[in-house]
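To start, the structure under review is shown below, and the notes come after it.
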Amino acid sequence: MRTVVSSAEMRAAEQAVFARDPEADLMGKAAAAIARIADDVAPDGAVLVVAGAGNNGGDGLFAAALLAERRPVLFWRAFRDAHAAAVAAARAAGCREVDAVGAVAALADCSLVIDAVTGLGSRPGLPLALQTLVDACDAATVPVLSVDLPSGLDADSGALHPSFSAEHTVTFGSVKPCHVQQPAASRCGRVHIVDIGVTVPDTQLRVAEAADVARWWPRPDASSDKYSRGVVLVDTGSEQYQGAAVLSCSGALHAGAGMVRYTGRAASGLILSRFPSVVVGEGRAQAIVLGSGWGDSDGGEGRVALARMHSLPAVVDADALHWLPGGRLDGWLLTPHAGELARLLGCTRAHVEAHPLSCVREAARHTGATVLLKGATQYVAEPSGRVTIAVAGPPWTAQAGSGDVLAGICGALLAAGLPAWRAGVLGASIQAMTAAANPGPYTPDELAARLPAMIAQLSSSPLAR
Ligand SMILES: NC(=O)C1=CN([C@@H]2O[C@H](COP(=O)(O)OP(=O)(O)OC[C@H]3O[C@@H](n4cnc5c(N)ncnc54)[C@H](OP(=O)(O)O)[C@@H]3O)[C@@H](O)[C@H]2O)[C@@H](O)CC1
Ligand SMILES: Nc1ncnc2c1ncn2[C@@H]1O[C@H](COP(=O)(O)OP(=O)(O)O)[C@@H](O)[C@H]1O
Ligand SMILES: [K+]
């Protein structure tokens, strides 16, 4: 699990280092890491360093000085101001200064551009001369290594602004919100996190990693039986949306449920023809999955209220989200997409998309449930305000039916005894990881069928220990 640190939290952590040791050379360590990664990602050829006026530019120019010991380096001060000591170091090391026109012309001969214009102090957007260079970089397909973050982005959000598009980003201490939230994250390329001796604080925002999924994924042992592994009661689908029932049962079974009981209104014969192990009808269960594919079929309110009376953990998806009972929904996992969350909160979808973190937190605080906001970035918010971002996957899973499978997976994890936040994080992560391992337009049911191979691979990997 990685802590996600805001620019203010990172600055405070940096100040704490200087309070202990006023001579701490954080910039020197940052520069050394940038130079090392630059050599790794583009071992030969000239490097162009584009430097801004603040410390981000300082990092880049000290890195320029180190790189100039072994390869040609050019630098452009994008705003006339720049970190004076770093400019002096770059000049002393033999780096050649160019102007805006020279920087664009130099791209033809460069194997790497280091973007050190703005970092934590970045105000969104780019001045025209820089935008011209960014366009030229994109056209010339010269790889960009961004220092801390692609200049132009806002460190503290996932919003898109005119910015560099990095192939690699080197950041310090821990990831910042722009590195882990789409669409900004797609501009960061591969993010290298470098320890420069700043102690990163615990925060209310974290991002899960494959190792967490491997460690926490429930596995049967010699004492397991179908009941102890977890029985999932699935009330999904309807006459109109029969497929949703098949998909949520598929998610639950392929995620390792001990048993799936189907109590929804789709034709049971359809489900049994696909999954003969499903038991049709009520019975004891450890978790319930509600709502996927209900459409406007009757009795939603009563079915959700009944689930509440069972006092079991529940996944509440899609149409069941319209019928949330009053009171604190402890132990429940709500799985809205942005539109459904907007409806829950009484705001617009655009508002949720612009402020996903505050919206998902608000829904969890208000309902007392854990809320998994689905989409390109998947946020799992607990009523306490803590948010965990699931492992990211490719956009191939953006298709009808993925959410139904995910609801089933989360149901199996709740039934196995995981707390709601962990079920949400693991469910969203395993679906994303399976899609990443099987790139292409696989249908949600095909991807669900590939979950067991992914889970087996995780279980046998050293990450699982
Ligand atoms: N904290 C740490 O742990 C460590 C931090 N380190 C490094 O320090 C970096 C932070 O440095 P920083 O505070 O000097 O801010 P930085 O990102 O250089 O930007 C400020 C300058 O940019 C300008 N500017 C901003 N937006 C603009 C725009 N759109 N268009 C035009 N100009 C714009 C802004 O102008 P102003 O707002 O003053 O008008 C100001 O001149 C951090 O990212 C990391 O690389 C490491 O050295 C060591 C450990
Ligand atoms: N841009 C994206 N990248 C990756 N996954 C996405 C993206 N957009 C949506 N998804 C995934 O697609 C699914 C959509 O869920 P949902 O809208 O409820 O679908 P449905 O109700 O049709 O099953 C979610 O599981 C989410 O993880
Ligand atoms: K930068």
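Each Cβ is built from the backbone N, Cα and C atoms, and glycine gets one as well.
Note: TrEMBL annotation is automatic and uncurated.
Checking the candidates ASP21, ASP109, ASP115 against TrEMBL: the one annotated together with ASN56, SER151 at the K(+) site is ASP115.
Annotation note: ASP115 (K(+) binding site) sits in a strand segment as assigned by DSSP.
In sequence order, VAL50, GLY52, GLY57, GLY60, ALA116, VAL117, THR118, GLY119, SER122, SER146, VAL147, ASP148, LEU149, PRO150, PHE164 are the same-chain residues whose CB sits within 8 A of the CB centroid of ASN56, ASP115, SER151, the residues recorded for K(+) being left out. Only HIS337, GLY403 of the binding-site residues listed as ASN55, ASN56, ARG123, ASP148, HIS337, GLY403 bring a Cβ under 6 Å of any atom of ligand 2; the order follows the sequence.
Neighbour counts of Cβ atoms within 10 Å were taken for the binding-site residues ASN55, ASN56, SER151; the minimum is at ASN55. Taking the C-alpha atom of ASP115 (K(+) binding site) as reference, the shortest distance to any of the binding-site residues ASN55, ARG123, ASP148, HIS337, GLY403 belongs to ASP148.
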